[in-house]
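Visitor: Quick one: the structure is below, and I'll ask about it shortly.
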Amino acid sequence: MTNIRKTHPLLKIINHSFIDLPAPSNISSWWNFGSLLGICLMLQIITGLFLAMHYTSDTTTAFSSVTHICRDVNYGWLIRYLHANGASMFFICLFIHVGRGMYYGSYMSIETWNMGIILLFAVMATAFMGYVLPWGQMSFWGATVITNLLSAIPYIGTTLVEWIWGGFSVDKATLTRFFAFHFILPFIIVALVMVHLLFLHETGSNNPSGLNSDADKIPFHPYYTIKDILGIFLLLLFLMSLVLFTPDLLGDPDNYTPANPLNTPPHIKPEWYFLFAYAILRSIPNKLGGVLALILSILVLALLPHLHTSKQQSLMFRPLTQTLYWILVADLLTLTWIGGQPVEYPFIIIGQLASILYFVTILILMPMAGMIEDNILKMT
């Protein structure tokens with residue numbers, strides 16, 4: 001008798017996606033982060049749902065409702081900090097996932113890669129709106145500064161900003177709509193993830209060597225399910241250590257002060273995972289130029305398949321491009337540090353140099369290195 005998982009219409013889909021899926025036999029732990037992102041997304045939706053049961057999206061009570069969750073709701077403090085730090089874990093996994101895609105040339109599966117970029121934008125939008133909800137000082141001023149960037153759009157900018165605000169400043173209407181969008185977007189992300197996986201299973205997974213692995217496939221279960229479970233345990237260990245020992249490590253102390261439109265904080269900055277993009281935005285003196293650079297800092301990823309000049313897909317056997325890749329990683333860490341610093345010398349010039357290096361490395365140096373490596377191989 002045929003196993004039900006292979007015949008049942010619904011179970012058959014799950015079977016082909018997570019059980020009998022043919023996977024390359026040599027994929028390393030860097031391939032764990034896709035499943036970890038799935039766990040993070042589920043965790044965020046579950047904790048977010050419980051928080052939404054007690055949260056009120058009104059400017060007069062939003063801050064108090066978050067305090068009420070932490071003080072009066074059973075394990076409310078745990079749910080709140082799991083949600084806040086879960087977002088940080090989500091972005092750590094996201095950055096590693098994208099970094100792995102860049103290192104091993106996974107961007108050559110163009111549909112999967114482009115879907116991933118759309119997902120990245122959706123997650124960033126969700127995280128930004130979530131940061132506004134506690135209605136602390138940094139929530140309010142972060143929302144004001146970031147939404148104000150749209151006013152740089154010629155002709156329609158100011159009208160667009162006021163339309164998003166629902167008035168002439170960030171107020172009750174803004175908070176209510178941000179809560180509505182923050183609630184619905186994760187479910188849209190789940191749908192996009194399904195499309196992402198659909199595209200992935202059309203071509204199959206890439207592997208560290210960058211070579212075709214059709215000749216050497218193994219079933220996903222039990223080999224990679226057990227490997228993913230180990231990754232999940234390590235992720236939860238790290239997350240729980242963060243939540244139970246230093247829950248405010250990655251937050252901003254200013255957000256424990258209720259929002260006050262009459263008092264601007266000395267340094268307005270977003271959460272740590274947006275600092276690299278914020279540094280690129282600030283490094284250009286022109287407002288519209290800064291906004292374009294901000295968007296391009298993520299959109300540049302869509303150009304990677306077209307900038308690939310090497311005959312080899314992966315960087316595994318390409319030492320020159322490998323060096324440039326790690327320079328890029330160091331550059332992004334520098335930008336993250338600069339984004340959290342005040343706008344003064346020497347941080348301004350460091351930010352500008354790091355921003356230039358970011359775009360030059362991706363758009364010019366890495367494609368050139370690919371061609372040089374190919375020529376060296378021809379000569380030997």
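Cβ atoms here come from the backbone N, Cα and C positions, even for glycine.
As annotated in Swiss-Prot:
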- His83, His182: heme b b562 binding site (BINDING)
- His97, His196: heme b b566 binding site (BINDING)
- His201: ubiquinone binding site (BINDING)
- 33-53: transmembrane segment (TRANSMEM)
- 77-98: transmembrane segment (TRANSMEM)
- 113-133: transmembrane segment (TRANSMEM)
- 178-198: transmembrane segment (TRANSMEM)
- 226-246: transmembrane segment (TRANSMEM)
- 288-308: transmembrane segment (TRANSMEM)
- 320-340: transmembrane segment (TRANSMEM)
- 347-367: transmembrane segment (TRANSMEM)
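How about a rundown of where these features are and what they're close to?
Guide: His182 (heme b b562 binding site) carries a helical DSSP state (H, G or I).
In three-state terms derived from DSSP, His97 (heme b b566 binding site) belongs to a helical segment.
Its Cβ placed at the centre, His201 (ubiquinone binding site) has 14 other Cβ atoms within 10 Å. The DSSP secondary structure for His201 (ubiquinone binding site) is helix.
With a threshold of 8 Å between CB atoms, the same-chain residues lying at least 6 positions outside the transmembrane segment (113-133) that come near it are 55, 57, 62, 66, 87, 90-91, 94, 97-98, 101, 106-107, 139-140, 142-143, 146, 174-175, 178-179, 181-182, 185-186, 188-189, 192-193, 195-196, 199, 270-271, 273-274, 298-299, 301-302, 304-305.
Through the fold, the transmembrane segment (226-246) approaches residues 29, 32-33, 35-36, 39-40, 78, 81-82, 85-86, 88-89, 93 of its own chain, all at least 6 residues removed from its boundaries and within a Cβ separation under 8 Å.
Non-local neighbours of the transmembrane segment (320-340) in the same chain are 99, 102-103, 269-270, 272, 274-280, 282, 310, 347, 350-351, 354-355, 357-358, 361-362, 365-366, 369-370, 372-373; each lies 6+ residues outside the stretch with a CB under 8 Å from one of its CB atoms.
Beyond its flanks by at least six residues, the transmembrane segment (347-367) meets 279-280, 282-284, 293, 296-297, 300, 303-304, 307-309, 321, 324-325, 327-328, 331-332, 334-335, 338-339, 341 of its own chain at Cβ-Cβ distances under 8 Å.
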Visitor: Given a separation of at least six residues and a C-beta threshold under 8 Å, show me what packs close to His196 (heme b b566 binding site) in the same chain.
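Guide: Sequence-distant Cβ neighbours: Thr112, Met115, Gly116, Leu119.
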Visitor: If you draw a 10 Å sphere around the Cβ of His97 (heme b b566 binding site), how many other Cβ atoms fall inside it, taking every protein chain shown into account?
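Guide: If we count other Cβ atoms within 10 Å of His97 (heme b b566 binding site), we arrive at 20.
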Visitor: What residues elsewhere in the chain lie close to the transmembrane segment (178-198), defined as a C-beta under 8 angstroms and at least 6 residues from its ends?
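Guide: Those are 17, 38, 41, 44-45, 48, 52, 55, 57, 112, 115-116, 118-119, 122-123, 125-126, 129-130, 132-133, 143, in sequence order.
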Visitor: What is the number of other Cβ atoms found within 10 Å of the Cβ of His83 (heme b b562 binding site)?
Guide: 21
Visitor: Spatially speaking, which of the binding-site residues His83, His97, His182 is closest to His201 (ubiquinone binding site)? Use C-alpha to C-alpha, please.
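Guide: For His201 (ubiquinone binding site), the closest Cα among His83, His97, His182 is found at His97.
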